[in-house]
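Copied over from TrEMBL, here are the features:
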TRANSMEM  A:6-23  transmembrane segment
TRANSMEM  A:44-65  transmembrane segment
TRANSMEM  A:71-91  transmembrane segment
TRANSMEM  A:118-137  transmembrane segment
TRANSMEM  A:157-180  transmembrane segment
TRANSMEM  A:187-209  transmembrane segment
TRANSMEM  A:229-252  transmembrane segment
TRANSMEM  A:273-297  transmembrane segment
TRANSMEM  A:309-331  transmembrane segment
TRANSMEM  A:366-387  transmembrane segment
TRANSMEM  A:393-414  transmembrane segment
TRANSMEM  A:446-468  transmembrane segment
Amino acid sequence: MGSDVIIFVIYLLVLLCIGLYFSKKASKSPDSYLLGDRKVGPAVTALSMQSTSMSGFMFLGGPALAFQQGWYAIMYAIGDAGGGIINLSVLGKRMRRMSEILGALSPIEYLEKRYESAAVRVVGSIIATVFLFAYVFAQFLAAGKALESLTGWKYEWAVIIGVGIIIIYTVAGGYLAVVWTDFFQALVMLLGVLCLLIVGLVHVGGLSGLNQSLSEIDPSYLSIWGKDYVFYGQWGVILGSSLIYMIGYMGLPHVVVRHMSMKSTKTVKTATLWTAIYNQLFAYSPYLLGFIGIILLPNLSDPEMVIPTLAYTFFPGIFAALLLSAVMAAIMSTSDSILMQAGTILSRDVYQRFIDKKASHNKMILVSRLSVLLAGVIGIIVAIVQPPKVFDLVVFAFGTLGNSFMVPYIAAVYWKKANSVGVLCSMICGGVTNILWTSFDWQSVTGIHPFLAGLIISIIAMMIGNPFGTPPSEPIKKVFEEAKGPRPLPKNIDKHINRDISPEAKIISTFIQNNIPVKG
Amino acid sequence: MFNFPVDTFWYIVPWPFIWLALGIMMYFIKNRDDKLEENQEKGDE
Amino acid sequence: MIINAEQPGFRQEEVKKRLEKLDPETTYKVQRLVFYPYMIFEYVIDRRNFFHPLKGHVGCTIDGVNKVGALADTFPQLMKQEVSDRDFIQPDLTLADAKERAEDFLYHSLSSKKKILTIPKLTLTKQEIFYRPYWIVEGILNLPNHFFITVDAVSGKFHPL
């Protein structure tokens, strides 16, 4: 156990160094603290987005679900594996262009500017702050839980140490630190999980052996309808399970903010490719490990501990330590991005917007850092005093954020007429639906997943509310068109172009742009 | 295949390939867009 | 400044009509003319022997900025015209440079394209710097979605900018 802790500590030190290194660069202006000066390359963009999206849920909650429900759980993974590609393809370029034109730094400010309404900002800030905090508290709990059972430290200390590290590099480095540490952690997560999966599959005789053994234990593990076919024929559940991570990311403020910090719109294409590859390698693995757990760990009491237990029971200590680092990596990379986001929203969307309109650069950075610090302290207290159930909280917070913000973000760049009334209706109705659906367990009555219900309601609310609002102003319509990017020439014109005058056209083009006589 | 029941196999196994294909397709679509953009940026006043 | 310019064969309204006939969805605004420099050289081909297939005149234009040559069938109709500095592009080579390029180009194209056995002797008969007018046209799909094309006012050929 001692050497595992050392490996983990070294790992944390490396992270700390990355964070501190970039924090030196970060103190210049709020723009660089909050968005890393929009200079982030494709591989870093893609991988950090993935490690942000995939939280501790992937290592604890996901495998637990797989352990309990069998192959039904893979529906979540299928959504997850495509989520990044869909997110980048749908929002990527347009959102980046629009946020740059609007000069928006935080994803909530972006919504306010696009929909020209302070109310959007108020409601958005409230929903975002509350559920981002819920989300990050769940991560803190997970961090404590993982550290406690893997190192033998007392739970309280485990929470304080884990959260402390997250807070330090978030506060010190800002977005750039978060982006780079996320990139590094995405690699560690991939390695840790793949090693574990390979060894695990060898133990159970490959995929065929795995399924063979599963069907001997209970054939319903092999269906997509859940153990004992509980969701049999309920497409609303199956669809919701895959949709939540497939499209839900587009509603997470701390995930979409990555679009706003991309180097150029050209980063998107390469980032999409990276995401596609990384996800196919990564997304399914934790669930497969859950299935392996069904066979190899029949007496496991806490399903959330499938991966850690597998590591310690069957593999050499070095793997376990690597895995511990990967689990913590997942938790930390999610938490620091969320904290960062909460800091941005509180400093820009609340403090600067409503409290001190003329806040200086230094003051903004200070407020941002203080709110991150405050969130950490509250988080630690919540995690120690009264830990709620971790993963219910994650799915709940994720679903609510997705249902509140996904339609507004997509409509912002795809529906020209979308306005503040429609968006407010959509945010509130979508979020509330998810909260009610989850709290009263309407899934078992209706056979419809809370996320799917929230999605449908938020779309309907948008359609109903929008006609009552004032249409977007001319400047916003113009921005909307510009965000679409350049359009191809009309077909018939394109067909009749005379290529032989293209040398002249090139010169004339430069000439009219500069309006000075050109030389060669 | 892999001892899956037939329907489970077809619900699950194609997805990684679909996503990968989509990822590659998106790459080329965006690539084309970028070229278009470059050409037109030159001419925009 | 006074320049030698070709006369536009296509007037403002004609260009607009032509484009809108091709593409009724778009509104075209024909904004202004830009004058583009060329140098033209006209030669007489000397028949050296009886079997030579070529005789008469041959012309070559050199693009005044890109320095590319092209065969010219007829000598352009030129008129003196007053234009402002904002409306014409300065050539980037001297007449002497251009002449050298024109002769290179002619020998090269005569020997390769016209399939002649011996190199004919060329005698310069006319040389001139002239300007060809190009229309600058804005196409408007729906604001602010617009693009620019240029239309050769003499031939009617067009190309996006």
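Numbering starts at 1 and runs along the chain as displayed.
Backbone N, Cα and C define each Cβ position, glycine as well.
Sequence-remote contacts of a segment are chain residues at least 6 beyond its ends whose Cβ falls under 8 Å from one of its Cβ atoms, and for the transmembrane segment (A:187-209) they are 11, 47, 51, 54, 58-59, 278, 281-282, 285-286, 288-289, 292, 295-296, 307, 310-311, 314-315, 319, 322-323, 325-327, 329-330. Counting same-chain residues at least six beyond the ends of the transmembrane segment (A:366-387), those with a Cβ under 8 angstroms from any Cβ of the stretch are 30, 33-34, 133, 136-137, 140-141, 144, 155-156, 159-160, 163-164, 166-167, 170-171, 174, 339-340, 342-344, 346-348, 351-352, 359. Relative to the transmembrane segment (A:71-91), the listed stretch A:229-252 leads the set A:118-137, A:229-252, A:393-414 in CB pairs under 8 A. Through the fold, the transmembrane segment (A:229-252) approaches residues 53, 72, 75-76, 78-80, 82-84, 86-87, 90-91, 220, 223, 395, 398-399, 401-407, 409-410, 443, 446-453, 455 of its own chain, all at least 6 residues removed from its boundaries and within a Cβ separation under 8 Å. Contacts between the transmembrane segment (A:273-297) and the transmembrane segment (A:118-137): absent, as fewer than 3 C-beta pairs lie under 8 angstroms at sequence separation of six or more. A Cβ distance under 8 Å defines the sequence-distant neighbours of the transmembrane segment (A:393-414), meaning residues of its chain 6+ beyond its ends; these are 55-57, 61, 90-91, 94-95, 98, 107, 110-111, 114-115, 120, 124, 127-128, 131-132, 134-135, 137-139, 141, 244, 247-253, 256, 422-423, 426-428, 430-431, 433-435, 438, 450-451, 454-455, 457-459, 462, 480, 483-484.
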